[in-house]
Amino acid sequence: MDSSTNSLDDVSADGSTDYPDRNSTMEVRLQAQEDEITLLKSSLADALRRIRVHDQLLPLLKQQLIAVNPSAARVLNQVSYPDGCTSGRKLSTSSINDGFHHAAAAASQQSQSTVNNANGHIGGVVSAQHQNTRESLDKSTQTEPAMFSVSSHVRSLHLQEALPPGQPMVDGTRGKLHRIPGMEEEEEDQLDEEVGGDQEKETSWASSVEEPIQPSTVRCLQRDDFQDRSLSPDEPGSASASLGSDPNLSCRSGPLSSIQEGEKMLVRRNSEKLGNPERQRKRLDKKAASSANLLTRSPSLENRAKELIASAGLPGSRRGTYSQEQSIKMFIRGRPITMYVPSNIQNYDNLKMELPSERLELDWVYGYRGRDCRANLFFLPSGEAVYFIACVIVLYHINNRTQRHYRKHTDSVRCLAVHPDKVRVASGQTAGVDKDGKPMQACVHIWDSTTLVTLQQIGLGNFQRGVGMGSLAFSIGDSGAFLSVIDDSNEHILSVWDCTKGTKYAEIKTTNEAVFAVDFNPSDSTNIITCGKSHVYFWTLTAGQFTKKQGIFGKYKKPKFIHCFVFSLTGDVLTGDSEGNILPWAKSAADTKTLGKGAKETYQIVRPIKAHEGSVFTLCMLESGALLSGGGKDRKIIRWSADLAPEREVEIPEKFGAVRTVAVVNDEELLVGTTRNAILRGSFSNGFVAIVQGHLDEMWGLATHPSQDLFLSCSHDRQVCLWNTEEHNLDWCITLEEYGLCADFCPSGSVVSVGLSTGRWVVLDLETKEVISESIDGNEQLSVMRYSPDGRFLAVGSHDNFIYIYSVTESGRRYSRFGRCNGHSSFITHLDWSKDGGYIVSNSGDYEILYWDIAGGCKLLRNRFESKDREWASFTCVLGFHVIGVWLEGSDGTDINALCRSHNEKIVAVADDFCKVHLFQYPCPKPKAPSHKYEGHGSHVTNVCFTHNDSHLLSIGGKDTCILQWKVTGGGAGESREVPASVSSTSTGSPEPPAT
């Protein structure tokens with residue numbers, strides 16, 4: 001990548017290594033502590049529920065015991081609470097050493113009545129034959145509550161394990177378990193509001209555990225739980241039947257068996273008002289369901305805490321943790337993101353992630369880098385124009401309209417040079433940095449333009465920051481035996497290399513000022529000229545040593561920049577400068593009168609020629625001896641005779657910008673590269689037309705037509721362009737008042753919406769190119785435009801954290817505000833519609849995943865668990881269960897800019913921040929999923945999109961202003977899936993094996 005692009009990344013990386021990382025670490029620890037507290041609360045709630053079950057059955061068991069053995073009543077009455085407190089008072093623990101404090105419920109006054117415990121829960125129905133016994137027993141328990149100690153061994157605190165084998169869960173409890181995931185707190189709050197009303201102020205529940213639950217407690221509670229579940233309010237005789245069927249079982253396995261053991265277990269402190277027993281029962285049932293759900297997902301509190309700490313890892317890490325086929329948790333920069341497993345995935349752990357059978361082949365490259373490069377357009381005898389953009393060198397046949405691509409560069413190409421044999425080509429690249437911010441090694445490639453085979457790699461690691469723009473030249477006098485290179489370091493080191501051996505012959509520091517061009521004297525390879533900011537240097541190379549002479553401007557005004565130079569047929573040097581002049585230079589004898597006897601010969605200006613208004617950017621010498629010059633401000637191409645007299649001129653259209661470089665096709669026809677990234681073909685007689693066009697600035701907006709081979713792009717250059725993927729050309733281009741950042745076609749295909757940087761969005765008619773509708777939502781930039789699959793709604797995602805919903809009528813020509821989705825705490829990044837057009841899933845800048853019910857009034861769906869099986873019409877959200885595998889280890893949340901699922905839902909393409917396009921199988925819900933990787937962009941890839949029939953994939957770069965069109969191939973069962981994921985695909989025009 002270019003240094004200008006990398007500098008911002010470096011600053012961002014440096015700024016995030018200090019305070020934000022510490023902040024992320026603290027967030028991880030805080031989240032782990034919060035989860036531990038939640039689990040502790042749920043464990044306590046579960047334990048209290050089990051105690052309630054024990055309280056509920058205790059009176060019945062005592063009555064059953066008395067019925068079997070009446071003499072036991074006296075023994076039971078002697079066992080009492082030392083402080084004599086009742087259930088309506090707070091139980092003191094100072095006078096109790098061991099056991100539970102229980103308060104028995106008041107006895108029923110009818111022969112067939114329901115027995116209620118202190119918490120107000122239905123315990124069962126007791127027959128009339130024991131009514132008198134119950135009344136006497138209840139009176140004694142009200143004044144002398146009994147103290148019991150319970151002992152048994154515990155295996156776990158899972159609610160389900162409290163049931164014996166084969167015993168099903170109660171339906172009400174099971175229903176709560178299914179409603180818990182994703183909204184436990186919300187449901188509890190809603191229940192508190194709906195049940196009880198004002199009575200909530202009068203009813204309270206407070207409990208505390210003064211000693212931890214011992215391992216001998218829960219087995220008895222499990223038996224009690226089983227007995228509690230066997231009591232059905234719909235079957236009046238169920239309690240007495242179940243307890244009376246086996247008196248021995250009731251005595252042995254009930255709580256009375258623990259009276260004899262007398263072990264120290266748990267001290268329960270219970271303070272409760274009996275204001276609303278029914279509400280308390282529902283609340284405790286809900287707590288039991290919530291605790292059972294949490295405990296099921298986390299087998300033990302200690303293990304869960306360890307899992308959280310281990311899974312969080314370092315700040316910026318991305319790890320996934322899976323819990324029993326319910327949800328998977330992913331961490332980005334220490335922030336947990338929970339995603340629920342769809343119902344159709346039965347065994348998540350056994351899922352296998354494979355490479356997709358589909359592949360990508362580079363089909364077409366849109367764009368040309370002319371805005372900041374020089375001497376980067378040449379015409380070959382094969383009928384191909386050779387130029388570059390991003391990391392790709394394009395060979396475009398101007399008559400057949402076909403492309404081939406040389407793709408061996410690992411970063412942005414900066415310069416080109418054609419060998420005198422017109423077959424070999426040298427290309428240099430910038431150094432750039434890798435994904436870890438470490439500098440990469442730049443080099444110069446010499447390759448065969450016929451076979452696209454790399455012949456030599458020169459200077460790997462020798463060129464600091466890469467090779468400068470326009471800083472390559474083959475020697476001509478010795479048939480291209482040497483290659484001169486100027487690097488991009490501060491000293492702009494000039495080096496000469498032996499092309500046959502690939503070794504350095506000589507080098508020297510040139511200047512600290514910018515250098516724009518270098519070339520050998522055609523008749524003498526020992527003479528080299530360089531030019532740049534305020535200088536022209538004449539170098540002589542002798543025995544590996546350089547000597548320098550500077551051009552003397554003398555009485556003429558010294559220009560700020562010398563942009564270009566060329567050798568005339570007579571050997572003189574002609575330069576073009578920022579003042580619009582062509583300056584001929586000639587060697588002058590030493591001026592001994594002025595400079596003394598030691599004076600040496602110098603290079604001086606013969607006579608300046610005013611050629612253009614503004615800068616002269618290019619000079620081109622024709623075989624006939626005529627000269628071509630290209631102007632900046634005046635946009636003119638002028639033909640000069642051998643004696644520098646103007647002969648003909650032509651002005652190129654203003655929309656294409658100034659002339660950057662000129663290449664000769666034949667005596668009449670020319671190719672012209674412009675500063676607005678276009679290549680023109682034409683002549684002085686017939687004028688010029690564009691054969692290559694592209695954007696001028698960073699691109700983010702990309703959309704494909706729903707039924708035709710068209711796609712639309714929008715850029716910071718304020719241009720909106722409609723392209724034809726079949727014809728490989730630009731259908732039309734318009735310029736807006738603000739630049740566009742996002743776009744989407746209406747399903748009808750007749751209009752397209754474009755979101756702009758100011759919060760405004762416009763709707764364009766594809767036929768007339770006119771704006772047929774426009775609206776403003778907020779004052780911040782828009783990031784997403786997405787139509788519902790049926791075309792009834794348009795969703796507009798903004799950086800003000802809102803999603804605006806519009807009703808669409810008249811085939812996308814009329815819009816009215818329907819609602820607004822409010823709930824994100826950061827800017828909207830991506831969103832998708834469900835297939836039925838009623839729901840939206842959205843991502844935000846702080847890694848949130850939210851779901852919205854649009855048909856129901858743009859409501860936020862708090863229960864994300866319910867959306868796990870919903871089908872989506874498109875999938876562009878970078879965060880979601882189905883695309884967990886696209887995130888690399890250590891991702892910071894911004895490493896993936898966009899993704900797109902194919903319409904056949906088989907593959908997903910990913911645009912990352914490291915100049916690569918990835919192709920994954922879909923879905924890829926497991927971390928470290930393998931992918932095919934494709935290079936070509938020279939900057940962060942900002943967006944990807946499949947065409948309507950999945951035949952092609954479009955990818956756009958950021959600063960490289962490049963659009964790559966990839967052909968999707970393969971997909972058959974016979975396609976190899978055994979290629980390692982680390983192997984990068986090769987270009988369709990490059991037969992060499994890829995580097996691993």
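Glycine residues also receive a Cβ, built from the backbone N, Cα and C atoms like all the rest.
The annotation compositional bias 'Polar residues' is assigned in TrEMBL to 139-153 (among others).
According to TrEMBL, the feature compositional bias 'Acidic residues' maps to 183-197.
The compositional bias 'Basic and acidic residues' feature in TrEMBL is assigned to 221-232 (among others).
Positions annotated as compositional bias 'Polar residues' by TrEMBL: 239-260 (among others).
According to TrEMBL, the feature compositional bias 'Basic and acidic residues' maps to 261-279 (among others).
Among the features that TrEMBL reports, domain 'EML-like first beta-propeller' is placed at 402-682.
Residues belonging to the domain 'EML-like second beta-propeller' (699-968) score a mean pLDDT of 95 in the model. The annotation domain 'EML-like second beta-propeller' is assigned in TrEMBL to 699-968.
As annotated by TrEMBL, region 'Disordered' applies to 1-23 (among others).
If you look up TrEMBL, you'll see 129-153 (among others) marked as region 'Disordered'.
Annotation comment: TrEMBL describes 181-296 (among others) as region 'Disordered'.
Annotation comment: TrEMBL describes 972-996 (among others) as region 'Disordered'.
The repeat 'WD' annotation in TrEMBL covers 692-726 (among others). Sequence-distant neighbours of the repeat 'WD' (692-726) (same chain, 6+ residues past either end, Cβ-Cβ under 8 Å): 364, 366-368, 371, 387, 389, 396, 676-679, 732-745, 747, 749, 752, 754-755, 764, 766, 785, 942-948, 952, 954, 956-959, 961-963, 965.
Taken from TrEMBL, the feature repeat 'WD' applies to 821-854 (among others).
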(message) Using DSSP, what is the helix/strand/coil residue split across the repeat 'WD' (821-854)?
(response) 0 helix, 20 strand, 14 coil
(request) Please indicate, using numbers and ranges, the residues of the same chain that are 6 or more beyond the repeat 'WD' (821-854) and have a C-beta under 8 Å from a C-beta there. (result) 332-333, 335, 337, 339, 780, 783-784, 786-790, 792-793, 795, 797-805, 860-861, 864, 867, 870-880, 893, 898
